[in-house]
């Protein structure tokens with residue numbers, strides 16, 4: 001009999017160990033799947049940011065409209081965040097995250113689809129690509145007393161071309177795809193973190209969040225690498241003979257294979273969604289047992305948390321909840337500390353989002369860097385410095401055991417240092433390019449403060465040139481001309497990228513003495529002084545990014561500690577909504593609108609409508625781009641000072657040292673900063689349990 005009991009106990013012990021292993025493995029599988037979803041999410045976000053200039057050129061749109069497309073991600077997120085935050089924890093969280101990843105991937109693929117329906121990219125009005133012949137039309141030169149063929153185009157052909165170019169309205173699909181990506185990303189962070197908080201071993205949540213923080217950095221690494229690679233590839237690669245393309249990646253009309261990045265990120269997101277559909281709602285229960293006792297489990301959970309609603313009083317509870325919501329909202333909005341910190345955070349985030357959206361365009365236009373080179377350099381700069389800064393910020397707060405006021409001072413100090421380094425960008429603004437008819441007169445002697453936009457001169461007045469054409473050539477006098485015709489060039493030799501033009505009358509009038517009045521395709525390169533400024537800019541960017549990331553880890557910690565504990569979820573949710581609406585959506589739009597004001601030459605399509613900008617006034621561009629960022633950050637620093645004095649008054653003499661719980665929030669803050677302002681929603685599920693504790697509870701119940 002004793003032997004029989006011993007065998008039963010041994011079997012029960014083995015069964016218990018097997019269940020324990022299965023349950024722990026379920027949680028580990030969730031962590032692995034969530035890690036892949038974080039990589040996919042970060043990859044998609046980086047791909048959109050580095051492709052925004054390519055999209056602007058491909059669809060022939062302004063920077064402000066491109067900014068609206070970029071902000072559509074936040075629009076999609078705002079559409080469902082309330083539903084996800086409230087109902088998400090009550091439903092099957094892994095499956096919701098899986099659906100989100102699936103939508104995220106679908107949105108990325110939808111973004112790339114217009115490429116397959118728009119036809120071949122025409123970088124010039126004279127570019128007519130015939131895949132069967134693998135050739136392009138010849139460039140126009142100065143034809144005295146003759147009329148160029150494009151001036152004699154029949155209205156029927158013009159109207160036909162206009163209809164074809166109306167395909168540029170397919171940017172709407174890019175807008176919708178990015179918005180769908182925003183909808184899909186919404187559940188990943190809040191539901192993922194709450195799931196970890198519910199089912200991780202006691203005290204291990206911070207470790208898991210820190211690991212997600214580190215793993216999430218793989219996404220930007222892959223994104224910048226792919227962005228740099230695809231930016232080198234011509235947009236219609238695989239469809240046209242690349243030897244017939246006469247522009248290079250440094251040309252302002254160059255469009256890389258932007259669509260490939262979205263295809264890759266979309267497929268990666270879809271693949272990352274698959275594991276979530278096979279994970280249980282509760283990893284602490286086997287799948288069959290969970291299905292049988294689902295209703296009992298829900299009732300038990302609600303009893304444990306004192307949240308069971310009386311079904312007969314649902315109407316009263318809804319009214320009470322609505323009233324309580326508005327009372328809570330009033331409470332945080334009448335909290336001076338919260339309002340001040342909300343405003344300064346909004347200003348700083350708006351400055352960051354606006355400047356980061358157009359930093360690639362800035363490097364291209366200001367320093368003459370190709371999109372591929374800009375993506376590669378920014379990736380090398382951003383990833384290690386941001387990771388180092390985030391770690392350093394958390395280490396300093398923990399090492400010196402900073403009080404809440406001390407954390408606010410630390411945040412202000414890092415913001416001030418970053419602000420001062422940002423001021424150093426202004427001396428690094430390069431002079432505007434020497435472009436005849438835009439920044440200087442055709443004789444090359446009279447520079448003008450703003451572009452003159454007078455393409456015709458006596459040296460090309462008899463050439464019958466198309467004034468709207470943008471086919472830049474660089475004269476051997478160092479001046480860029482809008483086209484070979486407007487340079488007065490009479491003849492040419494060579495083909496495609498290697499074409500050289502001769503007998504250029506407008507080059508001659510500048511007083512060049514060598515009698516070799518020639519020009520070659522493309523804009524004149526930047527001088528050595530501007531190149532040196534670029535490397536200084538990169539060095540300052542490294543330091544600036546380091547201090548920004550070091551102080552950026554404090555935002556969520558300060559937010560949750562300046563309001564009542566029961567209001568911190570609402571405080572973070574409301575802050576996220578305001579920042580997404582006024583920062584994530586609006587900042588790229590008004591940054592882009594002001595950048596558009598610095599454009600010197602716009603493209604025009606066959607319909608005669610304005611398209612994308614071909615060249616900017618470098619000086620004005622730099623002042624607007626940097627000045628707007630400074631204009632947003634300076635009042636934020638003033639508000640920081642007010643915030644610190646107000647905190648001293650409120651917390652003077654109180655012990656506000658960082659607790660273990662605050663250090664947990666710091667890990668979550670690092671995660672939040674890495675993922676560009678994603679939402680953090682505190683746990684709304686069951687209480688945290690370890691696998692061991694859950695087994696003990698079950699044994700006690702039996």
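Just so you know, glycine gets a Cβ as well, placed from its N, Cα and C.
Note that the structure is a prediction, hence the values are computed from the model and not measured.
Of the candidate ranges 7-27, 133-153, 217-237, Swiss-Prot annotates residues 217-237 with the feature transmembrane segment. Screening 321, 445 against Swiss-Prot annotations picks out 445 (annotated as N-linked glycosylation site). Swiss-Prot assigns the feature transmembrane segment to residues 29-48, out of the candidate ranges 29-48, 289-308. In Swiss-Prot, residue 123 shares a side of the membrane with residue 362. Looking up 317, 503 in Swiss-Prot for N-linked glycosylation site, the annotated residue turns out to be 503. Swiss-Prot assigns the feature transmembrane segment to one of the listed ranges (466-491, 570-595), namely 570-595. According to Swiss-Prot, of the candidate residues 310, 516, the site noted as N-linked glycosylation site is 516. All protein chains considered, the CB of residue 506 (disulfide bond) has 28 other CB atoms within 10 Å.
Summary: among the disulfide-bonded residues (465, 474, 489), the fewest other C-beta atoms within 10 A of the C-beta are counted at 474.
Most Cβ pairs under 8 A with the transmembrane segment (630-647) among the ranges 68-88, 217-237, 374-397, 402-425 are made by 402-425. When the neighbouring Cβ atoms lying within 10 Å are counted for each of the glycosylation sites (503, 516), the highest count belongs to 503. Touching of the transmembrane segment (29-48) and the transmembrane segment (374-397) is ruled out by the presence of fewer than three CB pairs under 8 A, sequence neighbours closer than 6 excluded. Around residue 459 (disulfide bond), the same-chain residues at least 6 positions away in sequence with a Cβ under 8 Å from its Cβ are 442, 488, 505, 506, 508, 509. In the topological domain 'Extracellular' (238-255), helix, strand and coil residues by DSSP number 3 helix, 1 strand, 14 coil. Within 10 Å of the C-beta atom of residue 485 (disulfide bond) sit 27 other C-beta atoms, taking all shown protein chains into account.
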